[in-house]
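Novice: One structure follows; several queries about it will come next.
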Amino acid sequence: MTTTDSGTGKLVRTQGVTAPLGFRAAGIAAGIKASGKPDLALVFNEGPEYAAAGVFTRNKVKAAPVLWSQQVLTSRRLRAVILNSGGANACTGPEGFQDTHRTAEELARALSNWGTETGAGEIAVCSTGLIGDRLPMDKLIPAVTEIVHEMGGGLSGGTDAAHAIMTTDTVPKEAAFHHRDKWNVGGMAKGAGMLAPSLATMLVVLTTDAAVTAEQLDTALRKATRLTFDRLDVDGSCSTNDTVLLLANGASEVTPSQEELEAAVFAVCDDLAAQLMADAEGVTKRVRVTVTGAANEDEAVTAARAIARDSLVKTALFGSDPNWGRVLAAVGIAPITLDPDRISVSFNGNPVCVNGVGAPGARQVDLSGADIDVLVELNVGDGEAMIRTTDLSHGYVEENSAYSS
């Protein structure tokens, strides 16, 4: 699927942060990665407005670039975002924060020399990769000037940037929504491991040419994040570097309603979250766990997350085993209201458990396909929620045992 039409616009997966008007981007190899692959990305807002919003990891151990970006976003204004892969710059002490500050200052200087007067306080910095090592500033600083001159105004610059933020990702992740009223939202994401509730181990940059305020962006982003990235839970691990940013420049001169803005931002975030799930480390099954009939939405999220994180459930799904007993066992230890005799479970629309007991033919349900929908009906209220997750495969174990963090 590369294009999806709706009544209000079109969602496209072959475009990203440069799909909206007035944004440039680039991705280059700075030499941070030993492989020589692209590892530095830049997203630049040409204006005329520079409204911005962001959400960050809830991990108490925050990387230097997270602390920096949280600080600069208090102004609710950003001209640029610079992102590196190949090093998280987390748990690196005061020196790591100084490296982040220096990166922003060097980019501000390069942009100003390029012809756009920019201050370091208008630049967000994001990093991803191994925790505990400082970045090779002798390679990074010269590359900051180089990437400014590599910025393109076309779609290819956005794709280059999406490639440059990849770590264990196997494919770049982009999405754009083109509203029928001639305004747009674009985005790129990275993340393949440590996918968990506080946004997943992800860097996400979203852009829009809508004429909206930073307050409107903040509301739209928080609503979208709560229903998409916050409900992506592959392995229960929460990163030190999670960052989602949304920039707006008003270049379209169109002011959508708040509802229209929220719908478009959600559409892009939801598609990016689906792409993150599909490219999770070692994934062989894309799984959606939906809980209905919970006492309230919060309890539905708790129940769905308990199932999504359960190793026995995940290994059963890896083996295409319709083991509904493991689902009941997982939900049974969740701190929620439930009646065991009212729980029903379905796999891909096939009932396997009704009112707490097995349904006829439950063991014969075919789960050999790549997509599995798990529906759990608690029947104690009207709360519902969906969590995206994956199976637990040999590939996941092998990849994470070989990848230092």
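Keep in mind that glycine also has a Cβ here, set from the backbone N, Cα and C atoms.
This is the feature table in Swiss-Prot:
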type: ACT_SITE; residues: THR201; note: active site, nucleophile
type: BINDING; residues: THR167, LYS190, THR201, GLU281, ASN400, SER405; note: substrate binding site
Novice: What is the one among the binding-site residues THR167, LYS190 whose Cβ has the most other Cβ atoms less than or equal to 10 Å away?
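Specialist: Selected residue: LYS190.
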Novice: Look up LYS190 (substrate binding site) in the DSSP assignment and report helix, strand or coil.
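Specialist: Note: LYS190 (substrate binding site) is in a strand by DSSP.
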Novice: Tell me whether THR167 (substrate binding site) sits in a helix, a strand or coil according to DSSP.
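Specialist: Coil, per DSSP.
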